[in-house]
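Remarks on the structure that follows.
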Amino acid sequence: MGVKGAFGRWSSYSLVLLCILGIYTTPAVSVKKENFKTCDQSGFCKRNRAYADTVTSTSGFKSPYTLEPASVKFDHGVLSGTVIKSLADGATVRLPLTVALFDSGVARVTLDEEKRKKGEIDLRHGSKARKERYNEAEKWAIVGGTKLSSGAAMKAVGKVATSVVYGPESKFEAIITHSPFAVEFRRDGETQIKFNDKAFMNFEHWRPKVEKPVVEKKEGEEAPPEDTTGEDESTWWDESFGGNTDSKPRGPEAVALDISFPGYEHVFGAAEHTGPLSLKETRGGDRKYSDPYRLYNSDVFEYEMDSPMTLYGSIPFVQAHKKDSTVGVLWLNAAETWIDVTKSTASANPLSLGIGAKTTTNTHWISESGLLDVFVFLGPKPQDVIGAYSELTGYTQLPQHFAIAYHQCRWNYVTDEDVMDVDRKFDKHRIPYDVIWLDIEYTHEKEYFTWDPMTFPDPLTMQKQLDGHERKLVYIIDPHIKNTDNYPVVDELKSKDLATHNKDDNIYEGWCWPGSSHWVDAFNPKAHDWWKTLFRYDKFKGTAKNSWLWNDMNEPSVFNGPETTMPKDNLHHGQWEHRDVHNLNGLTFVNATYNALLARDKEEEKHNVRPFVLTRSFYSGSQRMGAMWTGDNQAIWSHLEASIPMLLSLNIAGFPFAGADVGGFFGNPSKELLTRWYQAGAFYPFFRGHAHIDTRRREPYLAGEPYTGIITQALRLRYSLLPAWYTAFHEASTTGAPIIRPQYYVHPSDDKGFAIDDQFYVGSTGLLAKPVTVEGAESQELYLADKETYYDYFDFWAYEGPGKEKVAAPLNTIPLLMQGGHIIPRRDRPRRSSGLMKWDPFTLVVVIGHSGDAEGTLYLDDGESFDFQEGAYIHRKFAFSTAAGSLQSEDLTTAGTSTSKKVKAYLASMAQVHVEKVIIVGAPSAWQSKAKVQVSETASGSSSSATKDVPFEFVAKDGGKAAYAVVKNPGVAIGAGWKIQF
Ligand code: NOJ
C-alpha cells in the first residue's frame, strides 16, 4: 500500500478516535488550558497558598514546628531528631528529621511522618495503597555523591539552635533553629539559604475523616449555616476535575516549605517551562505570573509561551545566582509540585536611599504527597552546584557520535520505500544527515514491536541501505500497549501482571493511540526484565543493529484520563499510588528501554554499544539514559524564540542533551522560518527536524533556493564542528557542565548578563552564538561580557568587548563569534553522514586572546562503544603562546598507558588521522614575512621527535577583519604529541 493507503487507514481509525476525544485534531491555535489545573483548582496547592497568606497576614504568627532538643543526635555525618508539629487542639504529630552531610559538600534534609512511616493509619475506600509517604524517589533519581562526610561535625548544641559544620575546609554550616524549626545554611559565615524563614512550612499530617452529621434542609426553612469554625476540608477527601474524581484514600498529605535565597536576585531552573531562564515572580512583583511554576508531567501539546504551566518533564532543581556566587536546591519529590517565586528588596541601610539594596528571592515549594527531602548546594561557582547535582543524579550519557549529528523525522515516513527515497534525496542534494525516524505509523495497527506488513514489508533492506552510509534508524515505542486479541505483547503483559493497576488493584485500562490500552509499569523490576526480551533481534524481527529508540507519551499520556494522564489513585509496583510517583513515570520507562537496548547488543551480540533513546517525559536522572526534546511546539516564530531559554534551562539542570522540533511540530513554517530554525537547530545539543502528520513535507531539499542552500550550510556547520560538540558532550558526561552555556555560567561576575537567555556559548570552545529568531531580521545584537576580542566565525571581523555589538545577520548568516583565547577543533570535509567522517583530518582554529594565548581541548573515541571506559580514546589539550611562539598538543588522558588490545587497536587506527590545517586568527603582524614554520612530532611511546619545515601563509588585517595565518598540512597525527614553532 502506498502513501495514500497508509494515511487513509490512519485517518479513518485514529482520527475518529481523537476527534471524539478532542485531541490532536486540526492544529488549534493554542493549548486547551481548561484541560489543566490552575493552582486554585488543585486542592493542595490552593490550601498551601492560603496557608502562606494566613501566615503573612497574621501578626506574630508562630510556625507550629519545633525540633525537640533532647532528640538530637549526631553520628557519622548524620544529624537526626524529631520535629514536633503542635495542633490547635493540643495534640502533637511526630516528624522524624535527618540532616545528612556528604563528602561532596552537599547537605540533605529529610522529614518524614512517624505515623504513616509505621503504617499506623487507615486507608479509605478499602484502598490497597501503601500507607507510608513515598520514599523511593532516590532509588530512581540518585546514583552517587552520597558518601557521608567524615569531616562533618556538630559545632554547637544549644537550647535555641544546633549547628553542624561540613564541606570543604568546613566552610559550610547548617544552623538548625529549634523553635520554630528552621534551617539556615552558611558559607564562610555568610547566610546563603534559609528554610522556613517565612514560616510557610506545612506538613499535612494523617487524620481520620470525621463524618459530620448531615443537617437536612426542611422545606420552607433556610439552609443551615456552613461550619466555618474548622479548616476548609473541601479538597481533603476527594477531588474532582474535568469529570474525573480522585478518591484520595490517604486524605490530605501535602508537604510544603519556603526556601529563601537572601541577596540573590536570580533563580534559574525548575525545568520544564516556556518562560525566561531567570524565573519570574509568581505572586506580586512587576512581571508576575498568577500561578506558581507547576511540575506535573503532562502531554501539553501546542503549549503556550511565557508560562509557568507544566510541560512534559520535571527537574525540581533550582540555582540562585548573584555576583560571584551560586547556590542551589534539589527538591526530591516525584508528586505533583508547585513552586511560587517572589522577590523582596531590602535596603542594607535605611539611610542609603536604595544604594546597597539587596534582592532576596523566596521560593515556596508545595508537593501533593511524599517526603520533604531537600538537597542543598552551597557553590560558590555555577559549576560547583551543577557538578554536585550531576554527581548525585548522574552525568549525561556520552552519546554515540551519530546521535549528536542531524536527525530527520516526521510523523510519518509512511513506507520503507519512502524512507529509502528520502535517504537518496538527501544524497542527491548533498545534504548531510545521520538518522531517519519512524513515528507510530510503521506499526501494524499501533501494536508496538510489529511492522505494518503492507507499508513496511522489508524493513531490513531499508536499514541496510541506511547502513551503507553509516546512517541509523530510530523507531518509536510508547508505553501504552494495545488492548486487543491476537497480540502476544499484551497477552504477556497481562499474564505476567506487569501493567499499572487501577485503584481497585485490577489492570488499568485507558485510551491512547491504539484505542483501549494498558500501560507497562516500569516501576516493576520484572517489567524491565520482560521489556528486555521484546527488543531482541530475534524477537522484534526486522530490526537491525543500526536501529535505535524513541519513547514518547511517557508522562504517561492517557487521552481519556484526568489532565490527559493517569488517575492519581492508580497503583504501581509496591502498591505506590500514581500520585506519589507521577513525575518519575517517564524516567522509569526510558530506563527500561535503555536497559533493554544494552542487553540487546551486549548479551545477544557481544557488542558493547551505547544505547540511544529519546524521551519526552523526564525527571532528575533521565539524562543518564539519553536525549530529550521539548515536545509539540508550533511552526511559529515565538516557539523558535522560546526554544533557546528552554534548552538553556535544561542545560543548567544537568540534562544538556536537549532539543526542540526544528521547523515546529504543528503547522507549516514559512521558508524563512524553516531556514532560521535550522540555523538555530545547528546549535541545539539534540538536533532533529520533526513535523506533525497534517503538515506538508519539509525535508531541507524541498525548500528550494536559496533556502535549501542556506539550510545545507547550517547542517555543514554542525557537521564540521562535531569534534567541538563531541568534546563538549564528553565534558558534560564527566562533570555535568552544560553543553550550551548561558552568560551567568560563563561570566558569573558580570551581573549585566545574568538575565540574558537568547545567546549562549558552546561547551568550553568560546563559540558564542545568537541564532536569529525574529522574522525579517538583518542584524543581531550580541552582548560581550568581558574585555576580550571576539571574532566573527566566518570572516574574522574583530569586535572588542565588553559591550553590545551589532552583527550583520541576513538570512544566509548565523551570528556566531569566537571569543579570543580558545582553540576550536573542526573537520571540514563535507560528508553524507558523521560516520563517514571517522578518518577525516582535522582543522584547528586558534583564536588569539588579549593575553596572547589560546587553549582548547579535543576528545575523541570510536563514537559508539563503551571501550572509552577502558582507555580507548584520545584526549588532547592544545596550547598556543604568542610569547613562546608555539602551538603544542599535550595528552590529557587519565587512563594511563593501557596495554588492552582494544585500546591499542583504537589508537593504532587513529595514527593516520592528521591535522590538515591550523588557522591562527588574530595572528601577530610580526609573522608577515614568515614563509614556513617548524613542526616537530613525538611518536607515542618515544621521547625523540622529528622536525620538519612546513609552508605558512599570512593574511594581513583588512579593515575590521583581523589578520590570520594558515599552517598548511602540518602532517601531525591528531593523537600524537607535537609542537609548531612559529
Ligand atoms: C506526540 C509527540 O510529541 C510527537 O512528536 C509525535 O509525532 C506524536 N506523538 C505521534 O507519535
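Cβ coordinates are placed from backbone N, Cα and C, and glycine is handled just like the others.
In TrEMBL, annotation is done automatically, which means it is predicted and not curated.
Per TrEMBL, the feature signal peptide maps to 1-30. The domain 'Glycoside hydrolase family 31 N-terminal' annotation in TrEMBL covers 96-340. The annotation region 'Disordered' is assigned in TrEMBL to 213-252. Residues or ranges marked as compositional bias 'Acidic residues' in TrEMBL: 222-236. Residues or ranges marked as domain 'Glycoside hydrolase family 31 TIM barrel' by TrEMBL: 397-728. Here TrEMBL flags 736-824 as domain 'Glycosyl hydrolase family 31 C-terminal'. Feature annotation from TrEMBL assigns domain 'DUF5110' to 843-886.
Of the recorded ranges 96-340, 397-728, 843-886, the domain 'Glycosyl hydrolase family 31 C-terminal' (736-824) has the largest number of C-beta contacts under 8 angstroms with 397-728. Within the same chain, residues 398, 400-402, 607-610, 723, 726-727, 730-731, 764-766, 787-789, 791, 818-828, 834-835, 892-896, 898, 900, 902-903, 905-907, 910, 915-924, 974-975, 979-982 sit at least 6 positions outside the domain 'DUF5110' (843-886) and bring their C-beta atoms closer than 8 Å to a C-beta of that stretch. Each residue of the domain 'DUF5110' (843-886) gets a DSSP state, and the totals for helix, strand and coil are 4 helix, 25 strand, 15 coil.
Helix, strand and coil counts under DSSP for the domain 'Glycosyl hydrolase family 31 C-terminal' (736-824) come to 7 helix, 35 strand, 47 coil.
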